[in-house]
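Below: the structure, in structure tokens.
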Ligand SMILES: *Cc1c(COP(=O)(O)O)cnc(C)c1O
């Protein structure tokens, strides 16, 4: 089959499976509200958990940074690595108690870089089944053997760890899972990994800024220090980009060999400026974190009697599992008609038969916003 025919076939399969992905064109997004095609909605699909993307200090940090120029001008290995970036890396490392932090343009790129660099063909990668696509993509393309353990089941991981391997083992999980909202049992996972002399990578994209003292994330909260910690800045930090927290030798190894760093333009100065401000704002956001927790508790109380399965999540991610793609889409549309924007998440992002509304709550939602969402959900349930 030629390329055109193959592309056509893939597109028509997408449509038949009610799996077509469309990208809404957003005219306005204040984290609490969104405007799409001229319509205003209460917004329950943002990862901007603390509302920092709209924070005046971050915007000022961005503008201040931009005075140094619009772009970095080169890879960090040429002339794109600025003093401001080095200072940000040092601040992140000392905040989280690691010797080093390395910035990447995105969490997706970072996960490719670290997994591809570490995983040789005699090694094995043991990943939680529900790990983010950026982790599983990298792991399945790497020459190492990939095995997946049952979601949040240390016993399942232990069974895999007990099998012999000639090379090294890297265990991969998330702090708070992006599509389920639940937390990994990091203490048990770290113990099992250490007992097998493996390394642990925790991707805390949804925990950093939100969980733990000062928002230091899931690992800090659970008292675990994995060899590799990935944090991203597109969620609670309200900007974009990512950082790897690790020891000195691993950081040097990445700087020497990671192609995603060497052959890619460094982050623009404006983004570095915004990230400095975001780090301060996150550290000072105890009030916003408390409001977020209240919003989560309020939503869960009101949603308990809905006929759909509300997953056991204490995080800002509150998934309602609907099942079939078409049913999840229909409910999403029904909510939109009533002024609430909640995206339907379908396979392959989630396992088949578990299409869901991934409701996200933020610190900027008001109690009446959540009451409105609950009212609309209960109305839809009664129809
Ligand atoms: C969003 C996300 C990423 C990707 O990070 P970007 O910086 O947006 O590329 C990686 N891992 C997890 C768990 C995520 O949720």
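Each Cβ is built from the backbone N, Cα and C atoms, and glycine gets one as well.
Summarising the annotation, TrEMBL assigns substrate binding site to 21, 132, 349. As annotated by TrEMBL, domain 'Aminotransferase class I/classII large' applies to 42-377. The pyridoxal 5'-phosphate binding site annotation in TrEMBL covers 107, 108, 178, 206, 232. Residues or ranges marked as N6-(pyridoxal phosphate)lysine by TrEMBL: 235.
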Distant-in-sequence Cβ neighbours of residue 132 (substrate binding site), under 8 Å, six or more positions away: 111, 174, 178, 203, 205
Sparsest-packed of the listed recorded positions (21, 206, 235) - C-beta count within 10 angstroms: 21
Residue among binding-site residues 178, 232, 349 with least C-beta crowding, 10 angstrom cut-off: 349
Shell list (pyridoxal 5'-phosphate; ref centroid = CB of 107, 108, 178, 206, 232; cutoff 8 A): 132, 134, 203, 205, 230, 234, 235, 242
Three-state secondary structure, residue 232 (pyridoxal 5'-phosphate binding site) (per DSSP): strand
Inter-residue C-alpha distance, residue 232 (pyridoxal 5'-phosphate binding site) and residue 349 (substrate binding site) (nearest angstrom): 19
For residue 108 (pyridoxal 5'-phosphate binding site), nearby residues of its own chain (Cβ under 8 Å, 6 or more apart in sequence): 134
Confidence summary for the domain 'Aminotransferase class I/classII large' (42-377), mean pLDDT rounded: 97
Neighbouring binding-site residues, C-alpha within 10 angstroms of residue 235 (N6-(pyridoxal phosphate)lysine) - of 21, 206, 349: 206
List of residues, in chain order, with Cβ under 8 A from that of residue 107 (pyridoxal 5'-phosphate binding site) and at least 6 apart: 134, 203, 205, 230, 232, 234, 242
Cα-to-Cα gap, residue 206 (pyridoxal 5'-phosphate binding site) vs residue 349 (substrate binding site), nearest whole Å: 16
